[in-house]
Amino acid sequence: MDSRNPNGSLPQLSQPPKYGITKPISLAGPSEADVQRNTELEKFLIESGLYESKEEAAKREEVLGRITEIVKIWVKQLTRQRGYTDQMVEEAKAVIFTFGSYRLGVHGPGADIDTLCVGPSYVNREEDFFIILHDILAEMEEVTELQPVPDAHVPVMKFKFQGISIDLLYASISLLVVPDDLDISCVSVLHNVDEQSVRSLNGCRVADQILKLVPNIEHFRTALRCLKFWAKRRGVYSNVTGFLGGVNWALLVARICQLYPNAIPSMLLSRFFRVYTQWRWPNPVMLCSIEEDELGFPVWDPRKNPRDRFHHMPIITPAYPCMNSSYNVSVSTLRVIMEQFQCGNGICEEIELNKAQWNTLFERYLFFEAYKNYLQVDIVSADADDLLAWKGWTESRLRLLTLKIERDTNGMLQCHPYPNEYVDKSKLFPHCSFFMGLQRKEGVNGQEGQQFDIRGTVDEFRQEISMYMYWKPGMDIYVSHVRRRQLPAFVFPDGYRRPRTLRHPSQHTEKACEDVTRSQSGSAERRIKRKHDDEAVDEKLSKPRDCSTSNFGGTSHISIGQEAKLEHLRTGDVDSNSVDRLLDRDKRYEEITIQQARTDGQGSLTTCGLTSLHVDNLSIVRNVGSQEQ
């Protein structure tokens, strides 16, 4: 029997729907066991207090309404002062948009609201927004903790309005009157605007695109809420520290939703870890193809932009101009993220075998038991307002200290920055502390007597911190080496160190993570060598030191305006050829590391007038897909 159609052609086989740049890994829906696990997961989220109350939701809406009124009055005043007609004054307005977790619908109790104020072309950012609007807000009783950050990559005004945290950005578009129904997702909104406005507008445009590109918005929201909670508990939620922030996690989860379009949140969670433990970084994660526009704004393209070639974990935004949202990730923080992915994957496998519960996945990471040696960074100031600004400046540059340690030790000394800040309540002056874990790179044998000398590294970091434009007397930073047994009591939840002989509920999680990590690291002989290396680092760091001390915890420190003395930070000498070797290594990496596609089924980075740069995502899909079988 001839199966041809009346027009003589063969019938077309039904193709699965395509989400994103590749076909889905699986179109399978949930089983009864998946539905049961999903019910348990949602119950756990509610019991963990991840959803805000109706009263708080109503208050947020009220606050957004008040801010909208304030910016409208502000623009009308400026319009009148600049001599525009009465009709123009009547029509003049600014429009408030939201983005981030609030726009995506995954915010929790106490979360801030990311907002964007879009104003007309004649209202500028430098004077009108950061001076005039700032002064208006400063005089309002409802506004507290007002902090302008005009020099940030994305300029922002931070404050609390009736107790609700607000991050307010500003963008001036090329219109005399901003319409109430402005379509911010349209590319035309970017015409004749500066790059700071483009970056400000991009947050809203990305959030809207994400919601358009996922198959099921509610499943995406629940899965993202889970992953954000997990990342915070495991210490890998912080863009400024070099880990991943809200938009990064949203893009990673959205890609899993595309690969498993019929999966429910419990399935998406386990598939998330299953896929990203096998992801071949630096292959980029993308929700759609990258396209250039005649506007000419730079987009992420390793072929044309040399700096893009050195990104370790590219996660590309879906709205023009497409950018890498995770450029802060370093070698050290990528290592930590991948270790946590391995840990999460192992626990999800146990959950699917009914050997573990969801609460096991979300147990806190015991950072202060993970390393033998730490760097403690203490930040102090004369008053609380100064501390707010000084801490913001210093915290945004702690990532540079990690990069400098990687650079000056040729990657032999690994640094794990922890994004949480700590306060010693026994101290009466304004201060806070951050910590970083130190260890020798796994599988590297240390020569007898070899040391990594990072005194110069920390001194260089101190010099850069001291260049703060708004520095005031009393602003200081202290950096000290602390062994695990010397950690201050205020970093522990109960105010004292847990005896190491006692068992802790999280030990099950940490043991599972350790087992997974060890299974990736090779033979028992390598593990013995690694243990020997850690002990060697510990021994070197614990040698007697000759350095200045302070009454801040009795530890050695760097104080701005003083000479750095960090004898106790010797964890391996850096010889005179360290930088040369680093440059040689960088030359070897100038070749684009993104592998070329081998079949027609792979995704591509589409750019106008240029050959497409293919992305090797299909091999990942194949690997994970074989597991699904």
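For all residues, glycine too, the Cβ spot is worked out from N, Cα and C.
Taken from TrEMBL, the feature region 'Disordered' covers 1-33 (among others).
Per TrEMBL, domain 'Poly(A) polymerase nucleotidyltransferase' is recorded for 20-214. Model confidence over the domain 'Poly(A) polymerase nucleotidyltransferase' (20-214) is summarised by a mean pLDDT of 94.
Annotated ATP binding site per TrEMBL: Phe99, Gly100, Ser101, Asp112, Ile113, Asp114, Asp167, Lys228, Tyr237, Gly246, Val247, in sequence order. Non-local neighbourhood of Val247 (ATP binding site): Gly100, Gly203, Val206, Ala207, Thr317, Ser325, each in the same chain, at least six residues away, with C-beta under 8 Å from its C-beta.
If you look up TrEMBL, you'll see Asp112, Asp114 marked as Mg(2+) 1 binding site. Neighbour list (Asp112 (Mg(2+) 1 binding site), Cβ cut-off 8 Å, at least 6 residues apart, same chain): Ile164, Ser165, Ile166, Asp167.
Under the heading Mg(2+) 2 binding site, TrEMBL lists Asp112, Asp114, Asp167.
Under the heading region 'Disordered', TrEMBL lists 500-554 (among others).
The annotation compositional bias 'Basic and acidic residues' is assigned in TrEMBL to 507-517 (among others).
The compositional bias 'Basic and acidic residues' feature in TrEMBL is assigned to 531-546 (among others).
Rounded to a whole number, the distance between the Cα atoms of Asp114 (Mg(2+) 1 binding site) and Phe99 (ATP binding site) is 5 Å. The Cβ of Tyr237 (ATP binding site) has 21 neighbouring Cβ atoms from other residues within 10 Å, across all protein chains displayed. Max Cα-Cα distance over the annotated ATP binders (Phe99, Gly100, Ser101, Asp112, Ile113, Asp114, Asp167, Lys228, Tyr237, Gly246, Val247) is 19 Å. A C-beta separation below 8 Å, combined with a sequence spacing of at least six in one chain, links Asp114 (Mg(2+) 1 binding site) to Thr98, Phe99, Gly100, Ser101, Tyr102, Arg103, Asp167, Leu169, Gly203.
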